[in-house]
């Protein structure tokens with residue numbers, strides 16, 4: 001990290017240079033928009049106040065740039081229509097080589113609602129970049145888009161119907177990957193689209209595939225219409241029977257079936273609780289209530305005191321006329337209905353007959369799209385300062401990867417070097433979530449406590465072992481002394497058996513002249 005930091009601070013940024021076959025390359029490091037055209041058109045079917053494409057663009061470094069000298073195209077305005085485009089070096093023709101388009105995006109201030117997608121503008125005789133609007137024909141639209149909690153990565157292409165010549169938008173299936181981070185982390189991300197002559201495609205973010213499929217099977221609506229369709233003029237016959245089950249016409253109601261029996265009946269086994277006050281009402285007039293002074297009996301009617309619970313009932317199981325509780329009637333059967341049986345005349349669910357689709361065609365090579373000769377950004381955004389950089393269009397994967405590594409790769413390394421260390425990240429997280437301090441304390445303290453307990457326990461065990469050994473040694477010396485003094489030793493064993501030992505006299509060695517005195 002230290003080396004990368006030094007690189008970011010002291011090494012002069014060098015713009016990436018295309019090294020192979022390419023149709024468009026733009027790093028904006030010249031600091032101008034000389035090769036780009038700002039649209040001066042108005043958007044149709046929109047209020048005049050917001051119809052103009054008057055959103056501001058600028059070429060500048062990122063707000064928190066980690067690579068001085070690295071410039072990009074920045075969308076500067078909020079709640080404005082923006083449109084800017086540039087011509088390719090030559091038109092891209094879909095033939096035997098893949099299409100690779102990639103560019104970088106950084107939502108520097110986040111993104112509320114808006115897109116950062118790019119359009120590859122179709123090669124048409126009347127293409128005028130000065131009048132670039134939302135309805136300008138395009139071949140492919142690709143890139144990120146977000147509004148609310150809907151995070152999208154578009155891949156849309158306009159397919160030409162070979163029978164009618166009309167164009168229809170085809171949308172790639174939604175990615176399974178979670179794209180949220182790319183919109184919220186305020187980092188620079190590399191978006192890449194690869195479309196191959198075999199109709200396969202890949203969408204990549206930061207050189208990682210997030211969506212893939214085939215133009216023939218993974219676009220909505222499908223490239224090719226069905227060979228057959230339902231006959232719009234077909235009508236269901238009046239006697240067509242779609243009922244899988246019918247009531248048994250031969251069934252009869254049993255003679256003992258009582259349709260009039262109630263669903264619930266009084267419980268005949270119930271007994272009135274002892275102490276039930278039959279003559280006491282459950283509610284009585286409030287004895288403390290007083291008729292208001294402004295009560296007008298002509299207007300308000302006869303005044304009556306409000307009802308309150310009868311205090312005599314508080315200690316009783318109940319007051320008023322006692323009634324048996326009701327229970328489910330075991331003899332209740334309800335209204336009789338014939339049982340259901342399989343319908344012998346069932347014909348299934350009716351569907352119109354199939355007829356050949358008059359609009360049917362089969363295009364097995366949808367990769368052969370309309371050639372394009374310009375790239376453009378036509379955007380509305382509720383967020384400003386969206387940073388674009390290093391646009392590149394080629395038909396060679398190696399060339400694209402080299403461009404990405406020289407541009408986005410350097411930016412990624414610089415951003416990674418500037419990220420805070422683990423400790424700083426932990427402190428920052430704890431400021432937002434104070435409960436993490438408990439996790440940190442337990443994570444650090446628990447191992448220390450275990451180590452201390454283990455070490456102390458091991459030392460105590462050693463001390464006990466040493467003490468036990470020393471005690472045995474002392475006991476052995478005491479026994480030896482007793483035997484020497486008393487001449488024998490008696491020990492009572494487990495079970496009551498008693499055994500005695502008498503030491504045998506040791507032979508005394510005869511002293512020789514010159515021997516020193518010794519003690520046995």
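Here the Cβ of each residue, glycine as well, is placed from N, Cα and C on the backbone.
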Per TrEMBL, which of 413-434, 435-456, 457-478 is transmembrane segment?
435-456
Note down the number of other Cβ atoms within 10 Å of the Cβ of residue 113 (disulfide bond), including every protein chain shown.
14
Non-local Cβ contacts of residue 147 (disulfide bond) (under 8 Å, 6 or more apart, same chain)?
112, 113, 114
